[in-house]
Amino acid sequence: MDQNNSLPPYAQGLASPQGAMTPGIPIFSPMMPYGTGLTPQPIQNTNSLSILEEQQRQQQQQQQQQQQQQQQQQQQQQQQQQQQQQQQQQQQQQQAVAAAAVQQSTSQQATQGTSGQAPQLFHSQTLTTAPLPGTTPLYPSPMTPMTPITPATPASESSGIVPQLQNIVSTVNLGCKLDLKTIALRARNAEYNPKRFAAVIMRIREPRTTALIFSSGKMVCTGAKSEEQSRLAARKYARVVQKLGFPAKFLDFKIQNMVGSCDVKFPIRLEGLVLTHQQFSSYEPELFPGLIYRMIKPRIVLLIFVSGKVVLTGAKVRAEIYEAFENIYPILKGFRKTT
């Protein structure tokens, strides 16, 4: 049998010598990859431009979204700031109203005191102005603004306790410039360290007081137990400065602060007191063990401790300390701790 006849018809032409155009290079192979051979194939280009455009569009969309989010956040911040400003304005209005009410109540108490009537105590939460005609009241009935609250002990009842003066601070002007180094070197019981404090610290034993002497001629005297002792001590300090050769005078003597203390002899519920008198008192036991009560009239600051000890400060005259204690004693008795 002929070799060409044994091949299939479609392969007879390829196997014949006439069909072989170039020896050694196959014309067709089923394993040959696409695009190889004699016939050149067109190169297929990918759409790289369209991919870049899509990426740019996505980036633009992301940027727009971020800008929108930032605008929303800015709007929210502006709204919060507006709300805070409104709240601050409301608080200022409330404080102004409360201050006006306090002044009104103090003036009423002063007029009652001059007329011979016992002063009335008011609840701390009722110290507001009365509502104007045509407006709704701030507090529902039966609690109306300026409603007097009767304490557990009448205000007219005397406590029988007299606060004792513990310290008096006074000032005086010596009327001349002073050389503090000379005073510190030549005077007894005097110390001067300008790096720590710009004044000479001088002490005397009778009365046992301490003076702060400044180069401007001003002097502060502390530690006296009475007004007379404070004046006497200030004169002694001025005399010491005179003996050192300075033309010291004794001008404008004035008592700046008086501190008194007493004991009511019973424990006090400070938590209940601060809740009832929130406007006048503050109590932070983690910072300070005493309750700080700021009285309006007289303008005295009281330190009230749970043991019953009371410290009064800020008075200019002795009578203010006595008056402040007589005002606070009925309130303290109303918050007496029962064991």
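Positions of Cβ are set from backbone N, Cα and C atoms, glycine also.
Here's what Swiss-Prot has on this protein:
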| type | residues | note |
| --- | --- | --- |
| REGION | 1-21 | region 'Disordered' |
| REGION | 36-71 | region 'Disordered' |
| COMPBIAS | 38-50 | compositional bias 'Polar residues' |
| COMPBIAS | 57-71 | compositional bias 'Low complexity' |
| COMPBIAS | 127-138 | compositional bias 'Low complexity' |
| REGION | 127-159 | region 'Disordered' |
| COMPBIAS | 146-156 | compositional bias 'Low complexity' |
| REPEAT | 165-241 | repeat '1' |
| BINDING | N167, R203, K218, N257, R294 | DNA binding site |
| REPEAT | 255-332 | repeat '2' |
Per-state residue totals over the compositional bias 'Low complexity' (57-71) - DSSP helix, strand, coil: 15 helix, 0 strand, 0 coil
K218 (DNA binding site) in three-state DSSP notation: strand
For K218 (DNA binding site): intrachain residues, at least 6 apart, with Cβ closer than 8 Å: T171, V172, N173, L174
